[in-house]
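> Next up is a structure, given as structure tokens.
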Amino acid sequence: MTGKTAPAAKKPAPAAAKKKAAPAPKEEPAPKEEAGPAPTPAAEEPPAPEHPPEQPPAPTDEPAPVPTEAGTEATPAPAEGSPAPPAEPPAPEAKPEKPKEEPPSCPLSLAVEEVSENSFTLTWKAPEQMGRAGLDGYMVEICKDGSSDWKAVNQEPFLSTRYTVPNLSSGDKIHVRVMAVSASGASIPATLDQPVLIREILQLPKIRMPRHLRETYIRRVGDAVNIMIPFQGKPQPEVSWTKAGQPLDTNRINIRNTARDTIFYIRQAQRGDSGKYELTVRINGAEDKATLDIQVVEPPGPPQNLKLVDVWGFNVALEWTPPADNGNSDIKGYRVQKSDKKSGKWFTVLERCTRTSCTISDLIIGNTYSFRVFSENICGLSESAAIASGVAHIEKTKTTYQPEKITQRDMMEPPKFTQPLTDRTTTRGYSTHLFCSVRGFPQPKIIWLKNQMEIREDPKYIALIKQGVCSLEIRKPGPFDGGVYTCKAVNPLGEASVDCRLDVKGEI
């Protein structure tokens, strides 16, 4: 069989004569396109059956052409090793189609932020679905009310979610839509429900003074002053600056105004730039004013007329007057320092002394001291100090020691018990203590008695006295250790005694 279907003859050839059929052009064997052999009339012999798919072709060395009636050669046999074409070619395998990437979803929350006489500004949020390829940007299209001609405003996609549509005519009604664009296509457009009317929206002028500029703005001499003050108003307001009712010196102060703010700039501030500046924003007779108070400061000068007023004992008194130049700022205080002539080093004695006088104490006898004072303001200490003209020498004062007369007091006292003995009950075999306290001078001698018999060097009893507290320990008492115990204190001035009863019970 050949890879292509032969042209149909006028009469279908019988099976015996099929071998002499005109061969097709020589091509590689290919699966037959038809589902089976062409149908033949019922009167004629059916065509010879084809080789089954499992039967391999007979091997031949060289396929020879078979002569036919038309004088042409038959189709050559398949080459060695090549399988015979099947009777019914298998259906072509369907290749899995690559899933088509979905475009991004619609942008969200499309809204008009601002409208002017020839433009309007849109804002929106990014879509929830960006797609696999990611978002290339957004396209904005507009259409005049009553028309269906949509025109793209931007030529290339952009990623910002805010866009201003310019070059519009006042009074026009504009429909607008925004689409998210990616490599897989454009999203469903987000549209506004109502067209945008291009008209000027009047807004009264209003200065929004920053909080830190509502108080005095302080800078040092030589620093740059760069202040931006925002304002609002439509149409664009007229902005003017004055100082003490006079226009500003443009050689020193630069002013730059935009539609939303004004910038006040001084490259290097000087003390003469201090003062109150008035900002006025005006629209067609309506205006708003604000005051900017600028204070340019520098370190103060040193105090004046520093004098050493007095020296006594270990103390020195100083006085001075405020500096002639306070640096365009209030004096916060004075720093007082001392220097010992031996070391020559300066040490701070007082910081931020608010008065113009002070007393320095705890100076060392025999040393000679010098003193100086700095003034201080918001910028810091003065560059130089005021130095006292004189020095203070701390001399040793001559004193005579006179001992204090102390009256003699008679401390002799006979013994006296301040805490008596108390009756006790104890258990047989458990040690117990008896306590009392006594005073007297000289220290009295303590004697312990049991049933009026003095206790002498008995290991069962341990007697102690410490700071007037007398104690008697009875170690593991038995029934015979019960009775009346007496503590007697004796000194040359007399004696005293206290007693108590001790009961010893049997074991429980």
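For all residues, glycine too, the Cβ spot is worked out from N, Cα and C.
The annotation compositional bias 'Low complexity' is assigned in TrEMBL to 1-16, 67-82. Annotation source TrEMBL lists compositional bias 'Basic and acidic residues' at 25-35, 94-103. The compositional bias 'Pro residues' feature in TrEMBL is assigned to 38-66, 83-93. The domain 'Fibronectin type-III' annotation in TrEMBL covers 106-201, 302-397. Per TrEMBL, domain 'Ig-like' is recorded for 205-293, 415-499. According to TrEMBL, the region 'Disordered' annotation covers 1-107.
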> With helix taken as DSSP H, G or I, strand as E or B and everything else coil, how many residues of the domain 'Fibronectin type-III' (302-397) land in each class?
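Tallied per class, the domain 'Fibronectin type-III' (302-397) gives 0 helix, 52 strand, 44 coil.
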> Mean pLDDT, the domain 'Fibronectin type-III' (106-201)?
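A mean pLDDT of 90 is what the predicted model shows over the domain 'Fibronectin type-III' (106-201).
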> Quick one: DSSP breakdown of the domain 'Fibronectin type-III' (106-201) into helix, strand and coil?
0 helix, 47 strand, 49 coil
> Sort the residues of the domain 'Ig-like' (205-293) into helix, strand and coil with DSSP and give the three counts.
6 helix, 53 strand, 30 coil
> Taking DSSP states H, G and I as helix and E and B as strand, how many residues of the domain 'Ig-like' (415-499) are helix, strand and coil?
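Residue counts for the domain 'Ig-like' (415-499) by secondary structure: 3 helix, 54 strand, 28 coil.
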